[in-house]
Structures are given as C-alpha cells and as structure tokens.
C-alpha cells in the first residue's frame, strides 16, 4: 500500500508543469525514503531527475517499493481539477495498475477522487556520477528564466561563459548578438536575489536554448536556481522544492563548431 | 504537312472510276489528300485504290498508290452520328479518310518472313508462290532494293537478286523506326504516360519540368505504332527486343515500389495494428496459418512484444517538434550517464 499526502495541491501542480513539457510519461519510483522520478526527454538530450523526500509529505506510507508509470499529461490534467489549497493524496495498492488521486478541500466539505491507469514503462535508470563542478552559479530563478527567454529570440543556442568576473550568457543569430553579464552580488541583503558564483576554473559551454527554456518551467517552484557546469559534462539546472526535495535537469552540451 | 483539305468523290468498290463522274448512285466521301497528288491526276499516273495484304490487320486492306512508286495507307476516321453537308446534299457517310505515305518495306516484310526465312528467293518467285496477284505488284513495283536491304540478306547472281529474311537486321531496322517515332512523339509533346491528360490544361511550370512520363512510356507507345504494321508475332518480338515491359506489368511494378516505400515508412504502425488484431496466442496462430500475412512480415509482428512500440508511435505536437529541433547538435545525455 502506498499513500502520500501533501498539504497543498499547488506544489504538485507546479511539479507536473515543470516536467510535462519535457516528458510525455515517467515512472514514479516510490520507496519509504520518498518518491523519485528520472527520465530522459524524447530526444535523449536532457534528463529530468525529481526527488521528493518522504519527510516533506504530511503523510507518507510506502509498504513496498512501487514503480508507477504515468502519462504525465494525464496526471497534469487531473491535477488541474484541484484547487490550490486542497489537500492532495496519492494512493495505490501494491501491484496495482491504477493510482488514485484524491483532493480534499480545507474544510473537508468537498472530496473528489480520480483514478488513473498506470503504464508499464520500460525505462532504464541512468547512473549520474558524482562530479566536482568547475563552476556553480546560484541566481534568482526569475532572472534565469528571463535571460533564457530573451536569448531564445536570437539563437537556438546559448553560450554560458563563467569567469571570475561573473557569468555571461550570449547568443548570436541573424538578428544580431546578445550578451547578458551577471556579476556576483557584493552585499547579500536578500538571499533569494543574490547571484553567487563559486568558481574553480573558468568554463564556456554551449546549450540548446529551447531546453533551457523548458527547464525554466520549474521557476514557480523555487526562488533560486543553481547552475552547475564543468567542461564536457552536462549542465545541471537545479530547482529546490522547499522542504520537499528538488528537481534537477541535466542538459548535454552542444558539440562545438556546429551551425546554430 | 502539305496536306490540304480537299473534297473528292470516289466510289469505293471501283478504284478506276473517275472522280469527276457523278454517278447517280455515287457515294460521296471526304478525303484529305495532298494537293500535289490531285494535280497529277490528269496524267496517266493518277491515284489508284488497291488492295494489299496488311500485316497488322492480318487481311487485305485498301491502299492508295501513286505513280506506281508511292504507296499510301488509307486511314479512316469515323465518329458516330456524323454526316457531311456537300453541295446542299447530305452525305450520310460522315467518315473522314486520310492518306499517309507508307514504307512499302513494312508490307513486304510479311512476305519475306513467310517465304524467305529459310532460303534466299528472288522477288519473282515469292510472287509466284503467293496466291494473290497484289503481292507481285507490291514486291516488284513499290518495294525498293534499299528498303529490302534493311530487312534481308541480299545475294546477287548475275541479274538475279535473291533475298533472305534476316531477323537481326529487321529488328535493328524496326528499332530505328521506333526511335524515330519516339522523337516525333516527344517533339509534338504527345502524352504517352498512363491515364489521360488534357493537352491544353497548363500545369504550373514546376510540375511541367518534373517529368511524369518516362522514356519507357514513349518507347511503348512508339513500338505500338510501329507494331501496327507488323505481324503480331514480329510485334511481340520487337517488344521483347526493346525490353518494354507490358503496361500492366509496369503499372504493377510502379505500384509495388510505391507500396514498398510506404510500408517501409509505416512499418511499425502497421505492425502495431496487426498486434491489436492478433489478440492473444490463438488469434496470432490463426493469423499465421491463414495465408493473409506474408510469411516473414507476419512472423515479425506476431513475435514482437506489443508494449513499447505503440507508445512511441503517437504523433508529436508542435512543442515536441520544436524541442526535438532544438536538440540538434547536442550530444546524447546517455553518452555521459551510463545505465545502472
């Protein structure tokens, strides 16, 4: 028997919105430590890794490890039926082929439940090696989303160049070139507005802009985003989900000297 | 084309009847005849209507001869319910007759094949063998030595000339004729492809440049034109010699090649559909036993597991397409992270 209850449906809504553009379906691996989801997008260029810790839930019970393959579009549709303040409970029997999602209004006056068919997804899990990243940039999630959106107008690919002066995002295309430089914030008044650069070695990498934009769908989940980079290694874009876990996007770099 | 529409009357059964003679029972016919031929009519060498054996038709047919050297085929074009109005008279025979010059060698070919395929013969002895007097006239008057040289081996002994039919030479000569017809068909832009096509319907330039009629269609059409004057078996021989596939065969081949392409594209979806039909082992074996499935194709679809393939089959949304486009030039993430 699996049962997980969250105080606010809105968090689950945001999580689904953050991954459903990249993934059509995914497997929620439930264990007593929490829920994990790992999947590559259709083009196998990016990897989404979602971790929700069991202690972040209001109630969490998982008797046996359970893998629930879900159509994420359908899941998002069901979650649209919930009010933001509703409690949400996911339930499944061991070896079940359906999952029940139940919404309860705060005063318990309205209870709705939805049953969704599970899928048998044959997805392999990838081992992500521990990496000592040359550059780790923490910046406001909104700022990152804005930069990705702006640069997408100029080119299909974005060059991220991290030096000790700061981090530079640039794109060049038919319209012209665009450069956005962010320097490390001097005095940190508000942590969520800070740009913090932790650099061992300067790094310059090129990434597909569309994917970065897809990652920024997770912006509502977190005030800050963390970009971890290392030469010839996938970029990690991490959004922390407060008290619950995190969502990490891995994006393979573009091959150098390719047409944009 | 120096032909001019001219009207002349000719009583069909009697070739010697003068056109001017307006007999009461005279049947009026409309002919297209070259002007210069009509002018020569006053002299001794006027046009004559004669019967010769037509190999294409397999029976004697009418020909018009002129000057005892030129032979013209008489073509008849008839439309139902058509009549002519001639000098305030209604001519109920609404057919149009045309004359076209003809290479007499084509007509002689029949006789050569009939008599001279085993041994060399002189033209005179062929005529003797032939039952019809017209053969003699054809071979002695109209057929030229140059023409016969193209289709037969010539052996001369003194004044006597003997001919022996030569199939290789004949086919080569007919091929030349066919190529000539192909050139004319192309020059006149006669549509030779499958189906009908309006001549005056102008398609866009792009489509015109894209040639939908292939060389073989022209060749087939030309071969059929030439074959109309040949014995049926010789026509077949020519078709084989030119390696022209029959129209149906070409159609089937084209269709099958088109289907092959389609099937290559849509193989997974076709297979997934078959899987749905073959629900369970019994249905699968039934399907296998019934010869509905191609042996290799069927086996493949039945034995392949039905699960993951159909999931990937669904069409991509615009967003997914854009994302897939954005993925171009990036390495695969699987090259960094190995499967556990």
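Note that Cβ sites are derived from N, Cα and C of the backbone, with glycine treated the same way.
Residues or ranges marked as compositional bias 'Basic residues' in TrEMBL: B:1-10.
Residues or ranges marked as region 'Disordered' in TrEMBL: B:1-20 (among others).
For B:45-103, the entry in TrEMBL reads domain 'Rnh202 triple barrel'.
Per TrEMBL, the feature domain 'Ribonuclease H2 subunit B wHTH' maps to B:109-238. The average pLDDT computed over the domain 'Ribonuclease H2 subunit B wHTH' (B:109-238) stands at 80.
Residues annotated as region 'Disordered' in TrEMBL: B:253-340 (among others).
Among the features that TrEMBL reports, compositional bias 'Basic and acidic residues' is placed at B:311-323.
Helix, strand and coil content of the compositional bias 'Low complexity' (B:324-340), in residues and according to DSSP, is 6 helix, 3 strand, 8 coil. Among the features that TrEMBL reports, compositional bias 'Low complexity' is placed at B:324-340.
Using DSSP to sort the residues of the domain 'Ribonuclease H2 subunit B wHTH' (B:109-238) gives these counts of helix, strand and coil: 77 helix, 14 strand, 39 coil.
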